[in-house]
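Q: Checked Swiss-Prot, it gives:
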| type | residues | note |
| --- | --- | --- |
| BINDING | Glu57, Glu87, His90, Glu171 | Fe cation 1 binding site |
| BINDING | Glu87, Glu139, Glu171, His174 | Fe cation 2 binding site |
Amino acid sequence: MVFDELITEFDRGLRSIAGVSRMSRPVPKPAAAAPAELSAAERKHAAGLMRVNHVGEVCAQALYQAQKLTTSSAGLKEMFEHAAREEEDHLAWTAHRLKDLDSRPSLLNPLWYAGALAIGVVAGRLGDKMSLGFMAETERQVESHLDGHLSELPAADVESRAIVEQMRADEVKHGKSATDAGGIELPMPARMLMRAASKVMTSTAYYL
């Protein structure tokens, strides 16, 4: 059973890195009728932002995989699995949008994935309450990060905006689930370290 679980997660990890993700929900579409044409500069900026979002979802897959594998609670395994499936939708949506913008995912995805997997293992080894607290804090920071992207996206890019808005709604739900399941608030130094690491990732992934 454990071996089967490892094989499943290994397959998911490879698909996350390779950009071949399964989509259980369709790509969110804007309410507006026809999207406006983006200028070259707007397309480039939107692509940079969506590449950052795609990297965030690669990291989310690794984090949830590690946390799922390190908990002994069947209920938490299911919670992490459910969140990972929704995050896999985000991964597919952002990859789809990058293709529409004639761009590509980050070249450093294997590095981002490996780093996030290691962090997830450490969080999981610290116990379920700490692991859930880490999940809740991660989702809070992602929510803030997506709020920033919603204000930065070109006004005409309603397609990217629709995707980011649905992603944000899902992240809020995941964070609440972690808190409701018993997640504790992380110490301030840990939260600051997470923000610093996130800043390095986002500033790099925008270009690479």
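Glycine is no exception: its Cβ is also placed from the backbone N, Cα and C atoms.
Locate each feature and note its surroundings.
A: Using a 10 Å radius centred on the Cβ of Glu57 (Fe cation 1 binding site) and all shown protein chains, the other Cβ atoms total 23.
Over all protein chains present, the Cβ of Glu87 (Fe cation 1 binding site) has 25 other Cβ atoms lying within 10 Å.
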Q: Once Glu57, Glu87, His90, Glu171 are set aside, which residues in the chain still have Cβ within 8 Å of the Cβ centroid of the Fe cation 1 site?
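A: The answer, listed by sequence position, is Gly56, Ala60, Glu86, Glu88, Asp89, Leu91, Val142, Met167, Asp170.
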Q: In whole Å, note down how far the CA of Glu139 (Fe cation 2 binding site) lies from the CA of Glu171 (Fe cation 1 binding site).
A: 6
Q: Between His174 (Fe cation 2 binding site) and His90 (Fe cation 1 binding site), what C-alpha distance do you get in Å?
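A: Computed Cα spacing between His174 (Fe cation 2 binding site) and His90 (Fe cation 1 binding site) is 13 Å.
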Q: Using the Cβ center of Glu87, Glu139, Glu171, His174 as the Fe cation 2 site position, which other residues in that chain lie within 8 Å, going by their Cβ?
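A: Here the nearby residues are Ala60, Ala83, Glu86, Met135, Thr138, Val142, Glu143, Asp170, Val172, Lys173, Gly175.
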